[in-house]
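One structure below.
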Number of protein chains: 2
Amino acid sequence: MASAEDDLIARYFRPLATHAGALGLIDDAAILAASGEDIVVTTDAIVEGVHFLPDDPPETLARKALRVNLSDLAAKGATPAGFVLTLALRDINEAWLAPFAQALGEDAAAFGCPLLGGDTVSTPGPLMISVTIFGKLPTGTMVRRDGAKPGDIIAVTGTIGDAALGLACLKGKKLLDDASACEALIARYRTPQPRNALAEAVRTHASAAMDISDGLAGDLAKLCAASKVSATVEASAIPLSDQARRILSSGTAGIEMLIAGGDDYEVLCTVPENRWAAFREAAGRVAVAVAGIGRVQKGNTAPVFLDVSGMPIAMKRLSYSHF
Amino acid sequence: MASAEDDLIARYFRPLATHAGALGLIDDAAILAASGEDIVVTTDAIVEGVHFLPDDPPETLARKALRVNLSDLAAKGATPAGFVLTLALRDINEAWLAPFAQALGEDAAAFGCPLLGGDTVSTPGPLMISVTIFGKLPTGTMVRRDGAKPGDIIAVTGTIGDAALGLACLKGKKLLDDASACEALIARYRTPQPRNALAEAVRTHASAAMDISDGLAGDLAKLCAASKVSATVEASAIPLSDQARRILSSGTAGIEMLIAGGDDYEVLCTVPENRWAAFREAAGRVAVAVAGIGRVQKGNTAPVFLDVSGMPIAMKRLSYSHF
């Protein structure tokens, strides 16, 4: 009597619905109780052939779909509260669904972000995974894009550009003669590391923040535009992985590929100078690497990236666009 | 400098983001403030070639994508609070986007349900529109699927089966020699009429409720399974439109097509007998037609639909499945 969709939900996704408000996924809706906090809502979808490759494994797809959304919550200063999942599938393939749901459940548990509900639809086209995520924070404390002030220090977490290099590796570009280095970059593309541990520090100290999904250069330009400011960035201060440094030295890729590529899912934020020491200390306590890379400037021009000699780096494009 | 996606958002969707928490869509996230109420969350996606036809007009697609979600809120007894939209597009086609956004904005205003945020992604495949919607209601008052008790009256709103007949018309099935009757049925398929006006009456009087999206028979079976009960329905009591009655009389379609077809987006609920008069009166006050069609029964078998002679109607399937 139960439909194929009901079976699929019962078998694979009910175990992930650990939140009381999910009602075990037997209802049409979930309940999110809020006791005076603000609920932060954001949504991001990934599409086969656009945001991931057809042979990416189901485990990493599950993690990526959730983590690109967790990354938004981290940048907004919010604590994860739960998510709903829309899955567009060509068919019901147990060999794909079982590891997908398993990995999704592991991440949901690890990040304290339970499945609240969802919709599974049939599609004749590419696989698509859409997540809408909810976070909580004290009323009025969400860190917005539009609060950067001239003089603020521009900071990023982790290292920049690895995912773009990983994608280039997956597409067959010969960047390094070192298979394990390529594997490390591919892992950064397939499995982002959202910086949710940093959320409280961002909320406490940052004047503006967003996560980097379309490339540092383009996303900083968006933050500056929202804040009605400009910025200068010292390219040499941008934190890079060993692999990225070696690729830059070898000349198989340039800095533009790293800062205008996508999929970093690091936090980009601006911190007032008098908060910088406290921010760094708070980041240290949660073991998230942060680096100051430049300054917010007055003006309304696009951010300028300076090379070691202080000259602006010319870029053909600031960010990745799928259209 | 702005990407094609940014332009698209600014031009078509920013005017719809009338809620302060949407932050004019310039941020990565929206804020949903909750002052002690429960927030009800539900999500439904529609896919080209599966839930709608490639030549369905953009205006009706916009309305359908939002309304299938509004219908869930109505059945849960919740007041609309806002929605996020994920749009997977093959290309940026202004001739399609302009009327889509216009109609979506009209519905958002009419139902008091502003756009809070979203994601626009490129896809090589079919158009897909996914909505996650939020409603509010007093803590603990969401009407669930699992509260039906033996003896409760089973009620539905509006008329049943028109959308399934409309879809058959669109697919070229000759049901009636009357173009305007077909047009009326097609309009029911393309533009559902969610019963949000009834939400308070449902919340006040119903013991269980859900909206009918996959067919009355199958959805009643789901409600019964969740409530651990069975049901009997008098097929003759099921409210039908004039067009549906004429088709049944002419014999070009049978009752199974009406009650096992999909896309009704009417409310199905169960009401304790001692609440029935008050429920009908409350429905009358908001001008939503409700009809009692049967009774909840003890047991765990699938609901039985009885013909005028009191004999069970044999059905090959209870509901529509896309897989």
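Using N, Cα and C of the backbone, Cβ positions are placed for all residues, glycine too.
Listed features, source TrEMBL:
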type: DOMAIN; residues: A:27-136; note: domain 'PurM-like N-terminal'
type: BINDING; residues: A:Asp28, A:Asp72, A:Asp211; note: Mg(2+) 3 binding site
type: BINDING; residues: A:Asp28, A:Thr42, A:Asp72; note: Mg(2+) 4 binding site
type: BINDING; residues: A:Thr43, A:Asp44, A:Asp119; note: Mg(2+) 1 binding site
type: BINDING; residues: A:Asp44, A:Asp72; note: Mg(2+) 2 binding site
type: BINDING; residues: A:His51, A:Asp263, A:Tyr320; note: substrate binding site
type: BINDING; residues: A:Gly118, A:Asp119, A:Arg145, A:Ser213; note: ATP binding site
type: DOMAIN; residues: A:149-300; note: domain 'PurM-like C-terminal'
type: BINDING; residues: A:Asp214; note: Mg(2+) 5 binding site
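Recorded features from TrEMBL, shown on the structure.
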residue: A:Asp28; record: Mg(2+) 3 binding site; Cβ neighbours (10 Å): 28
residue: A:Thr42; record: Mg(2+) 4 binding site; Cβ neighbours (10 Å): 29
residue: A:His51; record: substrate binding site; Cβ neighbours (10 Å): 24
residue: A:Asp72; record: Mg(2+) 3 binding site; Cβ neighbours (10 Å): 27
residue: A:Asp119; record: Mg(2+) 1 binding site; Cβ neighbours (10 Å): 23
residue: A:Arg145; record: ATP binding site; Cβ neighbours (10 Å): 24
residue: A:Asp211; record: Mg(2+) 3 binding site; Cβ neighbours (10 Å): 28
residue: A:Ser213; record: ATP binding site; Cβ neighbours (10 Å): 24
residue: A:Asp214; record: Mg(2+) 5 binding site; Cβ neighbours (10 Å): 23
residue: A:Asp263; record: substrate binding site; Cβ neighbours (10 Å): 23
Binding-site residues near A:Thr43 (Mg(2+) 1 binding site): from A:Asp72, A:Arg145, A:Asp214, A:Asp263, Cα within 10 Å gives A:Asp72
Please compute the mean pLDDT of the model over the domain 'PurM-like N-terminal' (A:27-136). 93
Reduced to three DSSP states, the domain 'PurM-like N-terminal' (A:27-136) has 36 helix, 48 strand, 26 coil
Please give me the binding-site residues out of A:Asp28, A:Thr42, A:His51, A:Asp263 that lie within 10 Å of A:Gly118 (ATP binding site), comparing Cα atoms only. A:Asp28
Binding-site residues A:Asp28, A:Asp119, A:Asp214 vs A:Arg145 (ATP binding site), shortest C-alpha separation belongs to A:Asp214
Helix, strand or coil for A:Asp211 (Mg(2+) 3 binding site)? Use DSSP. strand
Given the binding-site residues A:Thr42, A:His51, A:Asp119, state which is nearest to A:Asp214 (Mg(2+) 5 binding site) when distance is taken between Cα atoms. A:His51
Cα-proximity to A:Asp44 (Mg(2+) 1 binding site), 10 Å cut-off, over binding-site residues A:Asp28, A:His51, A:Asp72: A:Asp72
Out of A:Thr42, A:His51, A:Asp119, A:Ser213, A:Asp263, give those binding-site residues positioned within 10 angstroms of A:Asp72 (Mg(2+) 3 binding site), comparing C-alpha atoms, in sequence order. A:Thr42, A:Ser213
Of all the binding-site residues given, namely A:Thr42, A:His51, A:Asp119, A:Ser213, A:Asp263, which is spatially nearest to A:Asp28 (Mg(2+) 3 binding site) at the Cα level? A:Asp119
Alpha-carbon spacing, A:Asp211 (Mg(2+) 3 binding site) to A:Asp263 (substrate binding site), which is rounded to whole Å: 10
Keeping only the binding-site residues of A:Thr42, A:Asp119, A:Ser213 whose C-alpha lies within 10 A of that of A:Asp263 (substrate binding site) yields A:Ser213
Rounded Cα distance, in Å, between A:Ser213 (ATP binding site) and A:Asp119 (Mg(2+) 1 binding site) is 25
Cα-Cα, whole number of Å: A:His51 (substrate binding site) versus A:Thr42 (Mg(2+) 4 binding site)? 18
